[in-house]
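Working notes, structure below.
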Amino acid sequence: MEVEKTTELVFSILPTLALGLPILGAAAAAFAGERRARLRNWLVVASSGLTLLVAILMLARVFSSGTVYFNLDIMRIGDRFVGNLEVDALGAFFAFFAAVVWFAASLHAFKYMDHEQKRTRFFFFMLLTEAATLGVFMVQDFFTLYLFFEAMGLMAYVLVVHSETAKARAAATKYIVMTIIGGLSLLAGIFLYLGYSGTIGFVPPVESVWLTGSFKVVALACLIAGFGVKAGMVPLHVWLPDAHPAAPSPASALLSGVMIKVGAYGILRTVLTFFQQPPLHEAEGHVVETASHAAEGAAHGAAQGVAHGASSLATNVQTLGLIIIGFAVLTMFVGMILALVQRDIKRTLAYSSVSQMGYILFGVGCLGFLGAEGGMGMGGSLYHIMNHAFFKGCFFLAAGAIVFCAHELDMFKLGGLWRRMPITTIFWSISALGIMGIVFFNGFVSKTLLHHAILESHVLAESGHLASAGWIKAAEIIFIITSGGTIAYITKMTYYTFFRRPRKEDAGHIEHVKEAPLWMLAGMGILAAGVLFNGLFPGLLLGKLIAPTVETVHGLDPELVEHMANTHIFIWANIKEIMVPLAIGISIFILGAWPDLFGLKRRGPDIFAMRLPRWLGVDYWYVRVARASLALPFMGHRAYEPVKDQVVKGMKAGAGGTVQLVRDVIYPSLTSKPLGWVRENSLQLYGDARSRLMPRLREYQGDIAVGALVIAVSLTMFLIMKLL
Amino acid sequence: MPGKSSFSVIPLIAILLPWISLVVILAVPKGSRRVRLWVCFLGSLATLGVVLSLLPGILDGNSYTIKLASVVEGLEMRLTVDTLGYYFGLVLSFLWMLATLYSISYIDHKENRFFAFMAMCESFLLGAAFASNMFTYFIFYELMTFGSYPLIIHEETAMARRAGYKYLVYAISAGTVLFFAIVAHYFWSGGDLSFQELGTLSLASASRGILMTIFFTYLAGFGVKAAIMPLHGWVPDAHPAAPSPASALLSGVILKAGAFGIIRVVFFVFGIDLMRQLSLFTVMAVLACITIVVASVFALTQDNLKRRLAYSSIGQVSYIILGLSMLTQDGALGGMMHLAHHAIMKGCLFLCAGVILVKTGKKKISEMRGIGYQLPITMICFSVCALAMMGTPPSVGFISKWLLGSGALEAGLPVYIVILLVSALLSAAYFLPIIYIAFFRWEGDEVEGGQKPKLVFGKEADHKLIVPVVILAVLTVVVGIWVTVPGFPYSLVTKIVNVIF
C-alpha cells in the first residue's frame, strides 16, 4: 500500500548523520566526563555545530531534489509496519531551525553550565534530546514519529529536573505526568488512525475513510490532544510555565524554542493528513490488496466518498480548522493575560511561549478553515514558528545570562542592567522588538501573514454566508488585543529589567554585575541575527524557504501560495495594522507602570501584580483530580483487604462446616441402619463382588490407578484446606 | 512450504541435560563449591545450546518428535518440538541459563538443594514445552509445580513457608481441576489429546455446553499459574518470598507455563473456528481486562519492590490472554510475542531487585533513595526495562503493545486499546517513581545544599550478578528494534500464527 509521492525519493546519508551526530556527540561527551570538562564542552559544541551543517545541507538537498530518505528501518514489525527516515520539505524546514537553536543553546551552555552541577548528565541528555527532536521531523509516518516523540519527551525530563531543587522536582513531575498522558493520547490517536485508514503513513491511501469512520472525531481529538500537550495548548499547558523556568536556561531556550514546536508540527501534520487528498485510483488498489477488517470499512468509505465528492471532506476539515482556531485564540489570550501578571522573567517568558503557540496554531487553524486556499495560514504559521524559535530562544538565553551575572530573575528586583550588560541588552531588545511585531523585525512579517490569513478566512466565511463569520471576526479582535497585550508585557519586562533605575536596596548588588561571557553572547547573537534577518528580508525567506515548503503540500492552490510568497510586507496598509495593538500595549503598560515611570506613589490596583484566585486556573483542578485518582487505588486496596479476610474466613468456615456435617450428621445416619445390614451380610456380598469385579478390575487397572490418583490428590487438597 | 516431522532424540537430550547438574550435586555434594555450581551453569548452557541447535530446522518449518512411553492404547507420552513449543522452550532455557549464572553468586546457603531443584524444574518445563499432547503436558506441568516449591521456600523464613504453602494449595487445586478437564477432553474428543494446528474438538464431537465446560475447566486450571485475577492469590506472596533468580523464573517462565497451556487449549485443542462459534473469547477478554487493570492498581499500592513487580506480572501475563482472546492475527502475534517479551523485561527487573537486595539489603521502594548512584548499571538496566514495561519505544514492550492494539483494531474492538493505554498509564505510575527515587533523590536531599552522592561506575556488584541483568536489558532494546531477526520472537511467532490462521 505504498502511496505514490509527488516528489521523488532520493537516497541520502544526511538524515542518518543528523540523527547520528548528536548521539555520537552525547556518547563522546559522556566519555570525556567531568575530568576533561573543556574537551567535553567543545565536543558538545562541535557535534551540535556539525548537526546544524548537516541540517542546512539537508534543507538544500530537499529543495533541490525532493524528499530525501535513508533506507534503514528505524522500526519494523513484519512488512506492514515499517519506519524509515524520510525528510520532506516541511521536515527539513523544522529540522533546520531546531538545529540553529540547538547550536546557539550549546554555545550558551558552554559557559552557563559552570554554575550548575552534573554537567555531563546535562550535556548527554541535551544532545540525545536533539537527536530525538530531529528524528521527529525526519519521518513520514506516525509509527516512527511516536518513537522519537516519546524519546524526546522522556529525555527532556532530565533537563527539566536538572537542578533537583524541590521546585524543579515538582515541575518535572508535572511535566512527566503530562508527557505520559499526552503520549498515550497520541498513541490512541495513532491506533484509531491506523484502524480507520489502514496505514501509518502521513498520507492516507483512501481519503474517504475519514468521512465514514465513526471514531474519526475521537481519533482527531486524541491526536490533537497528544500533540497539544507538547505544544502548550490551553488547557493542556499547565506543565509549561513550571517546567520552562525550572530548567537551566539553555534547556529552557530549547524547550521553548524547539520542543513545543514539535507539538505544533504534529498538529500541522495532523491537519495536513486530513487535508491532503490522494488520487482515487490508488484507493481502489488499496482495497483490492488488503483484506483486513479496516480495509472493508475503507471499501465502503471509498464507495461513499466518490458519491459525496470533495465537498463533505472540505466541510470536515473546515470544522476542524475552526476548532483549532478556537483553541488557538484561547491559548494566545490566556497566555498573554498570565504573562502580564508575572514577576519572574522566565515565568513571563514561559507564559509568553504559551501565548505565541496560540499564534502558530492560529495559522494552522486558518489553513484548515481555508482548505485549498490556506497557503497564507500555513506560510504565516511556519514563519512564526521560525521567528518564535529565534526570539524566544534569545530571550531565554538572555535570561540565562541575567541569572548567571546578576543571580536574580525577579524583574522588580532588577533594573538598570543596560549599563552593566549593554550587549545583552541589545540582543534582548532586538528580540523584544521582534516579538512585539515592530516594523523591520521578524514578528511583524509573521503577524502580518497571520492577519492576512484570518482576513481571508473572514472573507471566505462571509462569501459563503457561514455562521462562523462572526466567530472569525471575534477571533480577529482577540488576535489584535493579544498583540497589544504582548507589547505590554514585553515592554514591562524590558523596562523593569534593563532600563528602570534599580531600587535602593538592590542598587548595591547590581553595581557589581558584569557583562555576560563571550560564549553566552555568541549564542544570543546567532539568534538575534536570525531575528534581524527574518525581519529585514521577508521576501527572500518567503520566496526561497517558506513557499517551497508550503508548495510540497498536496492539494493547496499553488496560485495562492505564489500570492503568499509575493505578499508585500512593508506597505502602509500593514504598518497601519500594528498601530492598534501598539496603542493598546502602551496604554496597558502605562496603566501598570506609571508609579515607577513617573516616580509617583501608587494609588489603586497594581495590574502587574494581580493575583487571580487559584481555582480559576485549570492547573488547580488537574492537581486535585490527579491527587484524588492517586488516592483511589490505595483506598480501594484498603477496602479490599477486609473483604478478602472475610472471604477467607468464610471459606474456612465452609470447609469446617462440611467436615462437621459429614462427621456429626451424615456418617452417623449411614452407620445406623443400612450399614448394620451390610455388616451382617458382608461375607456373601464380598464373595459376589469379588467374582464379578475381579475380571473387570484387571481390565481397567490403568483407569483405577488414575482414579486413585485423583482421589488422593483431592484428599490431599481437602486435608490442606482443613488445615488452612 | 509445509515442514516435515521427523524422529529426533534431541528433545529428549534437551530434557535430560539438566539432570547432569543433579547427578553432579548428588555425586559430590561436598565438593568444591565453584566446580559444582559452574557445572550446573554449564548444564543449563548446554541445554540452551541443544535447544538452539534445532533453530534452523524449526525456522524451515520442520518438527521433531520422539515417543517416550505409552500408557494405554492411544494415550502416549510423546515429545514433539513444534514451533510454539520450541518458542517457549527457547525462552525458558535462555532465561534459565541467565538465572543459573546469577544464582551462583546470589544463593549463599543450601545451594545444592536450590541448584538441584532448579535443574529439575528446567527439565520438567522443557518437557511441558515440548509436549505433543495434553496428557504429556499435564504430567510435566504437575511435576514442575512440585519441583518449583523448594525454590519458593528456599529462604525458609516464616513468610517463605507460608507463601510456599499457599502456592501448593493453589497449584494442587488447579491440578485437580485440570485433571478433570483432561478427562473430559479425552472422553469427548474420542481419545485424542494431541495438539493439532486447527484444533481437535469441534461442534460435531460434543454439545456446546460440554465444550464450554471443558474450556472453562481448562481456563480455571491453567488460570491459576497464569494468574488470571480471581486465581492469582499465590503470586504476590510467592514472588517476594522466593530468592530473586527464582522469582525471575517464576514470573518469566512459570507463570507463562499457564499462559502457554491456554495458548495450546485455545489454538491447538479448540481451534480458531470453534472459539469463534462458541464465543468463548468474550469471557477470556473480560477476565484479562479486569486482571490487567486491577493488578496494575494493586501494584500501585505496594511499597515492597518485588511485590509491586509481582502484581505487575499478574497484569502483564493477562496481556497474553487478551491477545489470544482477540482471535485475530495481530492479537495472537502480540500476545504470544509478549510471552517472550515479558520474560525478558520482568526477568531483568527481578534480577535487578535481587542485586539491590544483596548489595543494600533494601526491599522497600521508599527506602531506595539515591540507589541509582550506588548501583548505576543495575538501575540503568532497571530503568530501561521499566520504561519498556510502560511500552515506550524502541523496546519489546512497545512491540507487544503495538501489535495488541493493531489486533484490537482488526477485531473491531478499540475498547481493548483503552485497556492497554490505561494499563500503560498505571504502569507508568508505579514504575516511574522507582526510577525517580533511584536517580533524582538521595539521602538527606530535603536539606538545601546537601551533599549529592557521587556516581561510581563498575565494581557495584559481582559480575555474575551484573552480566545477566545487562544482557536482558540490552535484549529489551535490541529485540525491540531489530524485531525480525531470525530466532527472535517475531520470526517464530509469525510462523505459528500463519499456520493457525
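In case you wondered, yes, glycine gets a Cβ from its N, Cα and C as well.
The model shown is predicted, which means the values in this text are computed figures rather than measured ones.
Annotation source TrEMBL lists domain 'NADH:quinone oxidoreductase/Mrp antiporter transmembrane' at A:140-275 (among others).
The DSSP breakdown of the domain 'NADH:quinone oxidoreductase/Mrp antiporter transmembrane' (A:322-459) into helical (H, G, I), extended (E, B) and coil residues amounts to 120 helix, 2 strand, 16 coil. The domain 'NADH:quinone oxidoreductase/Mrp antiporter transmembrane' annotation in TrEMBL covers A:322-459 (among others).
Annotation source TrEMBL lists transmembrane segment at A:12-31 (among others).
Listed as Cβ neighbours of the transmembrane segment (A:90-110) (distance under 8 Å, sequence separation of 6 or more from its ends, same chain) are residues 18, 41, 44-45, 48-49, 51-52, 54-56, 58-59, 61-63, 68, 122-123, 126, 130, 133-134, 137-140, 248-251, 253-254, 257-258, 261, 265, 268-269, 382, 385-386, 389-390, 393-394, 397, 400-401, 519-520, 522-524, 526-527, 530, 545, 549, 552-553. Positions annotated as transmembrane segment by TrEMBL: A:90-110 (among others).
Annotation source TrEMBL lists transmembrane segment at A:122-139 (among others). Counting only same-chain residues 6+ beyond the ends of the transmembrane segment (A:122-139), those with a CB under 8 A from a CB of the stretch are 15, 18-20, 22-23, 25-26, 29-30, 40-41, 44, 47-48, 51, 55, 74, 83-87, 91-92, 94-95, 98-99, 102, 105-106, 109, 113, 116, 145, 147-149, 151-152, 155-156, 158-159, 162, 248, 250-251, 254, 258-259, 262, 265-266.
Annotation source TrEMBL lists transmembrane segment at A:175-196 (among others).
As annotated by TrEMBL, transmembrane segment applies to A:208-229 (among others).
Under the heading transmembrane segment, TrEMBL lists A:250-268 (among others).
The list of residues near the transmembrane segment (A:348-370) in space but at least 6 beyond its ends in sequence, with Cβ under 8 angstroms from a Cβ of it, reads 231-234, 237, 240-245, 252, 256, 260-261, 263-264, 267-268, 271, 274-275, 317-318, 320-336, 338-339, 342, 376-382, 384-385, 388, 392, 395-396, 399, 411, 435, 446-447, 449-450, 453-454, 456-457, 460-461, 468, 472, 475, 479, 482, 485-486, 489-490, 493. Positions annotated as transmembrane segment by TrEMBL: A:348-370 (among others).
Here TrEMBL flags A:390-409 (among others) as transmembrane segment. Sequence-remote contacts of a segment are chain residues at least 6 beyond its ends whose Cβ falls under 8 Å from one of its Cβ atoms, and for the transmembrane segment (A:390-409) they are 97, 100-101, 104-105, 108, 111-112, 115, 244-245, 248-250, 252-254, 256-258, 344-346, 349, 352-353, 356, 417, 420-421, 424, 427-428, 430-432, 434-435, 442-443, 497, 506, 509-510, 513-517, 520-521, 523-524, 527-528, 530-531, 534.
Summarising the annotation, TrEMBL assigns transmembrane segment to A:421-441 (among others).
TrEMBL lists A:518-537 (among others) with the feature transmembrane segment.
Proximity of distant same-chain residues to the transmembrane segment (A:578-600), defined by a Cβ-Cβ separation under 8 Å and at least 6 residues beyond the stretch ends, is recorded for 340, 436-439, 444, 447, 480-481, 483-488, 491-492, 495-496, 500, 606-608. Per TrEMBL, transmembrane segment is recorded for A:578-600 (among others).
If you look up TrEMBL, you'll see A:700-721 (among others) marked as transmembrane segment.
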Other parts of the chain folded back onto the transmembrane segment (A:12-31), taken as Cβ under 8 Å at six or more residues beyond its ends: 40, 43-44, 46-48, 50-51, 54-55, 57-58, 61, 68-70, 72, 85-87, 95, 99, 120, 123-128, 130-131, 134-135, 138
Cβ-Cβ under 8 Å with the transmembrane segment (A:421-441): same-chain residues at least 6 beyond its ends: 352, 356, 387-388, 390-392, 394-395, 398, 401-402, 405, 447, 483, 486-487, 490-491, 493-494, 497-498, 513-516, 521, 524-525, 527-528, 531-532, 534-536, 570, 575, 578, 581, 585
Residues in the domain 'NADH:quinone oxidoreductase/Mrp antiporter transmembrane' (A:140-275) grouped by DSSP into helix, strand and remaining coil: 105 helix, 2 strand, 29 coil
